[in-house]
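Here is the structure we will look at.
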Amino acid sequence: MAARIRCLALFLLQLLVLLVASSGEDVVGTRWAVLIAGSNGYYNYRHQARIALCFHFVPFLAATSLSCHPCYADVCHAYQILKKGGLKDENIIVFMYDDIANNTANPRPGVIINHPNGTDVYAGVPKDYTGEDVNVHNFLAVLLGDKSNLTGGSGKVVNSTADDHVFVYFTDHGGPGVLAMPSGGYLYANDLVDTLKKKHAAGTYKSLVLYVEACESGSMFEGLLPSDMNVYAMTASNANESSFAYYCPGGNQGPSPPPEFTTCLGDLYSIAWMENSDVHNLRNESVHQQYEAVRDRTSGTNGSSSSESIGSHVMEYGDLTQNNQSLYSFIGTNPANDNATSSFVVSGAGAGGGRVDQRVADLVYFWHKYRNAGEDAERREARKRLMQEMARRSQIDSSVELIGSLLFGSDQGANVLDAVRPAGQPVADDWDCLKSLVRTYEGHCGSLGQYGIKHMRAFANICNAGVAAEDVAKVAAQVCAGVHSGTQY
């Protein structure tokens, strides 16, 4: 009798869950989504379709000073999830440079995959903003629903109302307080949060969820995103660490891409949330439940206490009460998963998985191009490209280090530049100072690029220390002139 009562109670509980989910479908309003891959180049395949691992197959990199970093594939995969979930193309806005599918380096022309055994995720993806139209200006205008401020593209914007739910997925390279873009400058944390504040003040959404894949992505919201705007943000990493590429060639810790691929197919955090969404009934899975599953998979330990983890700390920011909502409210659900179980563990989770630090993923591509090159001329060109990239990175690292030494002294320079502020504080106090300092550095020393933005914390700390702009300009000019001429300081 007791067993019957328990079975009946369980049945009634499951029925109640289904009834609540069904009632929620009637009040969802319109679902809107913005998907953006903020990079270009075939070596960033993963963004449009992640160092210890790198040292195993790039032996001469072990002697270099390197630190942490595919968005096309990720964005295309996200689109397929939304489409199967019932969102209409008119409510999905896609930003991607679109130089991957038909790139001469792509072994499967016209096709993008996001899993070693995956099918094409490129087919049918709208190309709303491509090439130079993938920039900060257009992204923020789209988010605000401001057609008048667009420059190029399809003209689609998030024309949402107070009853609507908005989902934003951004995958790219990042640094402390910034996300990279292929053109038009960097997306700074204060500008993103200010835009969210404007959208909230306009009353043009009921709730808004952001997923951000990038190194130091937590710094985009740390100490900046209020908790009273119905905005919830989940990031691939905290404010002080790299995120990781996934399904990378040459990995000895898990799945690698098909042998013809020389680049990573996805990003660890992105793969985690998308492969979770692929197989579950999202009416019955909350944002928080997905966060827990993604957190465990992305950490590299899958909840264990292993010290061998190769992963990052997935973080939550903003209004954490929003994560109690079902994922269905934001990204719909695939009807094929209606009978899926409620287990949120994804197969293949754990410390393995062919993962590589995001900032080294580019070098993995260049190394495999060199290793797989056939003729001598092709091999020399591949080696030249790899060495150029390594030299460029070394120059950036050296110039920033020298600037710190000249401003604060050789004993204190590194301490000041590398200082991490306590949790709850933003990277910078004066964002205008940070932007100005970055422009000054790039004017004298060249673009930071997707690798160099790892030094944004150094520039923010110079501003936080109150150093005058003219002093920085003078030192930058001296340092970079010395670097280019071979002079050492």
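Positions of Cβ are set from backbone N, Cα and C atoms, glycine also.
Residues annotated as active site in TrEMBL: His173.
Counting Cβ atoms from all protein chains shown, Cys215 (active site, nucleophile) has 31 others lying within 10 Å of its own Cβ. The feature active site, nucleophile is assigned by TrEMBL to Cys215.
Residues or ranges marked as domain 'Legumain prodomain' by TrEMBL: 384-480.
The feature signal peptide is assigned by TrEMBL to 1-24.
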Q.
Please report the distance from the Cα of Cys215 (active site, nucleophile) to the Cα of His173 (active site), rounded to the nearest angstrom.
A. 6
**Q.** Cβ neighbour count (within 10 Å, all chains shown) around His173 (active site)
**A.** 28
